[in-house]
Amino acid sequence: MATLPLPTQTSTISLPKPYLSNSFSFPLRNATLSTTTNRRNFLTTGRIIARAYKVVVEHDGKTTELEVEPDETILSKALDSGLDVPYDCNLGVCMTCPAKLVTGTVDQSGGMLSDDVVERGYTLLCASYPTSDCHIKMIPEEELLSLQLATAND
């Protein structure tokens, strides 16, 4: 079996005609293409293997390390792991699950935070998909609400 690293953006893979009849394109976050070939080195199967990111969450004086898949939110993994983190709408709207991104990056394009607030490193766990290993610190809801309202009035 061969494993090929792929870029972290939409990729197109083209293989010569003996291997595959056409090319295909798909979005990737943190993945490799794993293929199996037969005795004549013809491609017989292919699958995408995504690597989970290490996300460290600080909450209630404790630090917890999570392995979060690229297609799951940090909130869903935190809840599955037994962390008692606040949340409500699970849609990135109510601002009940705020956090400060200490290191790393997340895709939170589905959340409703203003660009100014996002640029300052704030995130909503329910709308955050890791795009790298991260360190996140839970913050009081009031801290994010006051910042979001202040930037809305600018």
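Note that Cβ sites are derived from N, Cα and C of the backbone, with glycine treated the same way.
On its own chain, C89 ([2Fe-2S] cluster binding site) has T96, C126 as residues at least 6 apart in sequence with a Cβ closer than 8 Å to its own Cβ. Annotated [2Fe-2S] cluster binding site per Swiss-Prot: C89, C94, C97, C126, in sequence order, evidence recorded as sequence analysis.
Among the features that Swiss-Prot reports, domain '2Fe-2S ferredoxin-type' is placed at 57-142.
Annotation comment: Swiss-Prot describes 1-56 as transit peptide, evidence class sequence analysis.
Within the same chain, residues at least 6 positions away in sequence whose Cβ sits under 8 Å from that of C97 ([2Fe-2S] cluster binding site) are L75, V85, P86, Y87, D88, L124, L125, C126. Surrounding the centroid of the Cβ atoms of C89, C94, C97, C126, where the record places [2Fe-2S] cluster, the chain contributes additional residues within 8 Å, namely L75, Y87, D88, N90, L91, G92, V93, M95, T96, L124, L125, A127. In the predicted model, residues of the domain '2Fe-2S ferredoxin-type' (57-142) average a pLDDT of 95. When the binding-site residues C94, C126 are compared by the number of other C-beta atoms lying within 10 angstroms of their own C-beta, C94 comes out lowest. Mapped onto three states, the DSSP output places C94 ([2Fe-2S] cluster binding site) in coil.
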